[in-house]
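To start, the structure itself, in structure tokens.
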Amino acid sequence: MIEAIWIILIPLITAFILPLISQYSNKLMRIIVIISGIANLLVGVHILVKAIEQPLVYNLGAWGSRLGINLVIDPLSALMIVLVNLISFAIIYYSLDYISENQSKYYLLLFLLITGMLGLVSTADLFNLYVFVEMTSITSYALVAFAKKDISFEASFKYLIMGSVSGALVLLAIILVYQSTGTLNLAQLVTQIQVIPLITKRLILALLIIGFGTKFAIAPLHTWLADAHPAAPSPISAILSGVVIKVYIYALIRILFLLFNVQELLSLDLDILLTHLGVITLFIGHLLAYQQEELKRLLAYSTIAQVGYIIIGIGLMNLAGLEGAIYHIINHSIVKAVLFMTVGIFISKTGKTNICNLTGLGYSLPLTSFIFTISALNIIGLPPLNSFISKWLLTTAALKSGFIIPAMSIFIGSIISLSYYLRVVISLYSKSGDKIDNILVSGKLKLPTVILSLLYPFLSMCPNFLLSFIQEVATFLLEAINYQNILLGGEKWIGLFT
């Protein structure tokens, strides 16, 4: 069996050998980044298959599970690993043509970003989770500024300030946990968290929600994202929106449901707080997206709105809500990555970013425009596309839980998103503007968008298998004792489909 540690070692080793190899051969460097991306994706799929049968544990050093540094790959971690590696490989391949300058520095930062994300979703203790959070954040700041333009530096600095403050809040929460329990091991904290006084628990919760909420752009802490996405290179916008903010959401739900049982969270009215924050985030994102003329900024605000949908599902604090949230994480990760990559093609071939300047481009870039259109309809949630299924799950879960306003907000939000995405599609296929002929797009730019968009039919037409898997993932997440038994021993997890 392939050891779980390789999921982190492959991108980490790649990151540090690339600058050396680039000194001798850029062609060899490009080959290595492709091989590394494929290898990590295959390792991730292998780990997912094994984690479905039995979650994986890897102990670093000889100190044992209670004292050592541990990696735990349970069903949710394995799902996130595959998602991160899938989107990351698409970005790696796409960037071969999109990024023409300083490729070795770019791929160094990109592979460190991937390492941070994979470490974050694999680690089993709070200290190393914080280390990987900061590793992910710091490389994100650098990649936003990679274009070395004034707007990039400004957006990166704003991202840095808000990210540093939010990171400090998360660190303070971790310090409070350690001060109260004497451990940072997530499995041990399942039971030891009960010794923490109620007032301290409330403070820890507040720090975690504000800290991670800033990192995944929950309103009103979302402002950095709207500046960072337009300023960053399009492949970086794709990975930020596709998976970076998702691993921060993972970190929050992992800690929430391990450290606090559902009844305790409900007694603190966290369901009301999170669902209302989700509704506010949803409407702020959609309404601000509706006002935008610059396409990447529109997509950025759309991402903020989609975070709102996910937070509503988490806030319901039940199995159905988590199923919808996890399904929407998968859908949005893939669809928004495709949208940003198609917009990147528009920008690289025309130099235009405003919606009004894209008139007629659908006839000059037919395949790219078609993929953008299908992806836009998908993220809106039109049936029978896969985002409709996740939004339907969220809506029905909210209604069954008695949350009428969040359920209505999901529907209204989709109507608003239809209005602003339709404006873009109409512009693309309008014949009133000048037609630009013979725009050729390389296979390296087209292929990732084509392959990822081909997943839409699978996610739409094979929902039963996927929903069965997601239901088991959510069930595992809600039962914290499962995680504790994996790492510290106890009753074995019997596997998802046994």
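Using the three backbone atoms N, Cα and C, a Cβ is placed for every residue, glycine included.
Lifted from TrEMBL, the feature list:
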type	residues	note
DOMAIN	67-103	domain 'NADH-Ubiquinone oxidoreductase (complex I) chain 5 N-terminal'
DOMAIN	124-416	domain 'NADH:quinone oxidoreductase/Mrp antiporter transmembrane'
TRANSMEM	6-24	transmembrane segment
TRANSMEM	31-52	transmembrane segment
TRANSMEM	72-94	transmembrane segment
TRANSMEM	106-123	transmembrane segment
TRANSMEM	159-178	transmembrane segment
TRANSMEM	203-226	transmembrane segment
TRANSMEM	238-260	transmembrane segment
TRANSMEM	272-291	transmembrane segment
TRANSMEM	298-319	transmembrane segment
TRANSMEM	360-383	transmembrane segment
TRANSMEM	403-426	transmembrane segment
TRANSMEM	447-470	transmembrane segment
Cβ contacts the transmembrane segment (403-426)/the transmembrane segment (203-226), at least three under 8 Å, sequence gap 6 or more: no
Proximity of the transmembrane segment (238-260) to the transmembrane segment (106-123), 3+ C-beta pairs under 8 angstroms: yes
Cβ pairs under 8 Å between the transmembrane segment (72-94) and the transmembrane segment (298-319), at least three: no
Intrachain residues whose Cβ lies under 8 Å of the transmembrane segment (159-178), provided they are six or more past its termini: 126-127, 130, 133-134, 137, 140-141, 144, 184, 189, 193, 196, 200, 203-204, 207-208, 210-215, 221, 223-224, 227-228, 259
Non-local residues, at least 6 beyond the ends, that sit with Cβ under 8 Å of the transmembrane segment (272-291): 209, 213, 217-220, 222, 226, 298-299, 301-316, 398, 403, 405-406, 409-410, 413, 416-417, 419-420
Distant-in-sequence neighbours of the transmembrane segment (6-24), which means Cβ under 8 A and at least six residues beyond its ends: 32-33, 36, 39-40, 43-44, 47, 71, 73, 81, 103-105, 107-108, 111-112, 114-115, 118-119, 122
Of 106-123, 298-319, 360-383, whichever stretch has the most CB pairs under 8 A to the transmembrane segment (31-52): 106-123
Same-chain residues near the transmembrane segment (106-123), Cβ under 8 Å, at least 6 residues beyond its ends: 4, 7-8, 11-12, 14-16, 18-19, 29, 33, 36, 40, 69-73, 77, 80-81, 84-85, 88, 91-92, 95, 99, 129, 131-137, 139-140, 142-143, 146, 239, 243-244, 247, 250-251
Remote residues contacting the transmembrane segment (360-383) - C-beta distance under 8 A, at least 6 residues beyond either end: 302, 306, 331-332, 335-336, 338-339, 342-343, 345-346, 349-350, 391, 414, 417-418, 421, 424-425, 427-439, 441, 446, 449-450, 453, 456
For the domain 'NADH-Ubiquinone oxidoreductase (complex I) chain 5 N-terminal' (67-103), the number of residues DSSP places in helix, strand and coil: 26 helix, 5 strand, 6 coil
